[in-house]
Amino acid sequence: MEVLMAERANLVFHNKAIDGTAMKRLISRLIDHFGMAYTSHILDQLKTLGFQQATATSISLGIDDLLTIPSKGWLVQDAEQQSLILEKHHHYGNVHAVEKLRQSIEIWYSTSEYLRQEMNPNFRMTDPYNPVHIMSFSGARGNVSQVHQLVGMRGLMSDPQGQMIDLPIQSNLREGLSLTEYIISCYGARKGVVDTAVRTSDAGYLTRRLVEVVQHIVVRRRDCGTIRGISVSPQNSTMPERILIQTLIGRVLADDIYMGSRCIATRNQDIGVGLVNRFITLRTQLISIRTPFTCRSASWICRLCYGRSPTHGGLVELGEAVGIIAGQSIGEPGTQLTLRTFHTGGVFTGGTAEHVRAPSNGKIQFNEDLVHPTRTRHGHPAFLCYIDLYVTIESDDILHNVNIPPKSFLLVQNDQYVESEQVIAEIRAGTSTLNFKERVRKHIYSDSEGEMHWSTDVYHAPEFTYGNVHLLPKTSHLWVLSGKPYRSSVVPFSLSKDQDQMNTHSLSFEQIYISNPSVTNDQVKDKLSDSFSKKEDRITDYSELNRIGHCNLIYPAKNLDLLAKKRRNRFIIPFQGSQERKKELMSLSGISIEIPINGIFRKNSIFAYFDDPRYRRKSSGITKYGTIEMHSIVKKEDLIEYRGVKEFRPKYQMKVDRFFFIPEEVHILAGSSSIMVRNNSIIGVDTWITLNTRSRIGGVVRVERKKKKIELTIFSGDIHFPGETDKISRHSGILIPPSRKNSKDSKNLKKWIYVQRITPTKKKYFVLVRPVVPYEITDGINLATLFPQDLLQERDNVQLRVVNYILYGNGKVTRGISDTSIQLVRTCLVLNWNQDKKGSSIEEARGSFVEVRTNGMIQDFLKVNLVKPAISYISKRNDPSSEKKEGSDHTNMNPFYSIYIYPKTKLQKSFNQNQGTVRTLLGINKECQFFLILSSSNCFRIGPFKGVKYPKELIKKDPLIPIRNSFGPLGTALQIANFFSFYYLITHNQILVTNYLQLDNLKQTFQPFKFQYYLMDENGRIYNPDPCSNIIFNPFKLNWYFLHYHFCEETSTKIDLGQFVCENVCITKKGTHLKSGQVLIVQFDSVVIRSAKPYLATPGATLHGHYGEIIYEGDTLVTFIYEKSRSGDITQGLPKVEQVLEVRSIDSISINLEKRIDSWNERITRILGSPWGFLIGAELTIAQSRISLVNKIQKVYRSQGVQIHNRHIEIIVRQITSKVLVSEDGMSNVFLPGELIGLFRAERTGRALEEAICYRATLLGITRASLNTQSFISEASFQETARVLAKAALRGRIDWLKGLKENVVLGGMIPVGTGFKGFVHHSSQHKDIPLKTKKQNLFEGEMGDILFYHRELFESCLSKN
């Protein structure tokens, strides 16, 4: 007893809480001290003590023990506030849907996480012995996330697809859930239960398929003698050391490893922990290891390529069924992992960024040169810092220094005042291995119907110019302008024209015309019978020509059948002249009317051209003009491209009335092709020039070598060998007209000839007389008659001039590319117009095509608008308003902030329902014409202010007058007596234009005063319609804002016509906002806005549909591709593994795929040197794809924290990639094209027959690979038994019973383990292949070096791990 006491005195007294590790240490020390039996006795006593104490404390769990966290209330409130602001920004078009979703998820996730962190301290402070606290934090029962759901908040749930439900559950289970929350909660929690049931079977099936693929792979040899390997570099910093060690341990080296001249490891040595650590410490360059990929045996594997057995740590035994082990090791974790979803009840887990908060109130300062402005993934403006940034916060007396790590977002501006705990920066969340990201497509759908417009800064990806898909190069808005679409197939609208007014509820079209006093009854019948071609003078009654200011409609005469081959800015009017029909030689030709891309014509610009078929040639040749001195009207060089507009500058006004064409035959051949004729030799017709082309004409051959091609020209004609006396110009040829006499034969020439001197050698020369085809240029078809002249003369003196010009210069050689005909002369229509009488010059015209449907036939019009240039008139000095205007005259402000509008808040709607405007648009399918019927019922108007000075008699009356059918711009006519008014009209050039309008009372008999206004639509058309007429501009949904009348005294109003306005950008003194939309009318005291909804789109997004296309509610507008983190559980992981193994691709092809392939090709040639670059390319492709497949599968399992050795996956991947597809050419006598054969078999056959074999590497899924094996018995026992057996019987297949499954089915001995011995003698003679081959075959050795020693290539593959 005393001894015990003495010992006890020596023992250390511990007074600590004991946890698992301390317990382990204690037990091990007890065992060391007392032995096993005594220790177990002590531990028993401990257990009893524990139970006693627990009984005495009487820990029980009651509902009162669930204490909620006090700070929860304001945290939730704060999050709701943030969500509200976010919703507003989305509505204004500042952030798009993906950013909104992403941010709302992060707001709620961080709130929930914050609560979770608060939980523990809260318990510790308020009630440290709380049973819930003791239980969950000691690890006895329950974990933090479950307690968090009880007392914190349940937070965000994920739906069965693993997507987020962005409505958070704010309550916890202690408080009880609301109905919505309960339903969402059940939705999420049910997922766990269902998944477990469903996925267990999936995982089982996956295992079965995997085992099926590799069941025959057994270790059958010690060494296959391969010299290949896969290189791994320990210096490669991208790969974590842990993964590197995992990759290397248990493998076998494929080559000796030297450190300088010292060999530190030899070939075929297996790598242990010690060796790996040596590699890492010595930082060896490249380690070449053997893997199942490099094994040379076709249907089994050798010990050295497999490496160590995972069970006993030595090299794997002969006869071990490594295939089945591999299949099970991949399939098994799937079954285990499915059960994990169960416990959290579908609560979403994801990552958020960490925040840096301000330590105190104060002014923040940092170095602005170190940061760059950017847009965060939530759409907020921020600064990005690339290096460590030091931020100082200066409060009353203290300076705080905050260090912000690199690659963080700074969310505040310099010198801004920040409050304590305000978020000033966001640290990018480090990508943790647990939640891997994936690319998701998100479609944005339209909420309203209308017309689609883009902001001005949307470009097309060049390859999609005429397609329906547009990529965005930079952030911009997409607008859906309101309006109600109708299809034109409905009867009542078949006669309406663009910009007509019509009654939306009327069933017959006549009512409109008759109810309109300006059209009489017989005109209606006239129009109904044939609305276009009756009498052209009558048409002026119609709204288009006399109502729209500055719009000339040029439309074709009636005899033309108008077939519009539409492109975006050109169409062709085909027609056949009567002379052509007789000949019927040429195909249908037409006039192409072409509009410049920006729609602007300058003076003298070509507006249509016609390719006359008489001036077409099939063959190549040279054009010459009548004499050498003459010039063409237009040289090709003088067609100056001016902003995409072809413009004429007539240089030589000499009229060319004839030109000559000298035919020749030209062949352009590849540089490598063999030519069968000599230079300057003379050949006959139909001679073979190359292996597969013959000459069409006879004559002299001229061969010229250009950069990469050979140009072979054949000149036809007679050959004369002249005497000494003849003097022929040494220069290029001479044209000899028919009248002249030839010096030699002195007989008259019937035709023009062209004499050319050819000198094959220095002394000899001969003369080639070549035939010439003369062309007279006549007036041809008078194009101007196609367009009625009187219409053009009527207004603004638009003229069309016909110009013929020769497309090729004098002596220029024309080349026809592969049988296309060459047009020699093109007839052009040049648009010109005279100056106005007043002398105001019109610089440019805008062209656009208008389509109008009448009587079921669509007609196309070309509309040419003359746009007056914007000139600012400065008013006279004595005008009191002009001094104030002077300063704001040319200011160019940011268009968003240049709007100052003073509307009154009261909204008055007093319009009746039945007015509307037709606006025609081209639909998606070109045949069906769409109309937008726009009713004026949606117009908003904000009434006049107090400041507006009206004439006295008007003040008594209400300024709003009920609508009569044809009044006013929006159906309102304000009766205001005659007075001066001026207003600003700002075109796109942002130069102020002040118009003084003086209205003459005598002209208006209908009402005392009419509004004047301008309206501009997207083509830049400016209207100045007459309110009495039957045309009303498009009242889409219009918002009419009244501005302040005396704006000269207060501020000048700047609004661009056609400008898009976002909601909430123009904040005025009075504090009212505009709605979002497009500005249509600027008036002296008001502005009209067509309401529109903006959608933000960021770069890389895909737009659907064309500009100006009609959008219905629910149509897809934009597709975003964005990355998001998956919620971490294997239910999403398993299908991923399956996708990779079954080779099903769901990824969208990345936009820069081609570039990547190109750079990869360049890299291969750079590494391998060009000679056999692509021979090895095929092999490398297979290697590369195998490695990336392994990486993909590993990524999924690693994200779940499951470790699978690479070699298991490699065995499977080797089977998937082991087959190739025989292509059509080559080996036709052995294999059928399209047959699947083994890669090794293909190579062996190729070697045996010494013939090249063409094949394509394929990826088979595991199911297909199981059905394409050597053994039909194994295939039949897997799937499709009847089909497989029937096929095998018909083909007479033989099963060699090499695998396990066949032997099991037939009850034989399986060839693995002990049964392997009976199998050995087959392969004994190949047992050891001498390794000298490596030294003998130098070339193969070098290839091995080149292939596998280049780090560049495989670094990229392995780094993805």
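Glycine is no exception: its Cβ is also placed from the backbone N, Cα and C atoms.
Keep in mind that this is a model prediction, so the values were computed, not measured.
As annotated by Swiss-Prot, Zn(2+) binding site applies to Cys224, Cys295, Cys302, Cys305, with the evidence given as sequence analysis. Every protein chain considered, the tally of other Cβ atoms within 10 Å of the Cβ of Cys305 (Zn(2+) binding site) stands at 30. DSSP assigns Cys305 (Zn(2+) binding site) to a helix.
Classification of Cys224 (Zn(2+) binding site) by DSSP places it in coil, neither helical nor stranded. Apart from the site residues Cys224, Cys295, Cys302, Cys305, the chain places the Cβ of Arg221, Asp223, Thr226, Arg290, Pro292, Thr294, Arg296, Ser297, Ile301, Arg303, Leu304, Tyr306 no farther than 8 Å from the centroid of the site's Cβ atoms, the recorded Zn(2+) location. Cβ neighbour density within 10 Å is lowest for Cys224 among the binding-site residues Cys224, Cys295, Cys302.
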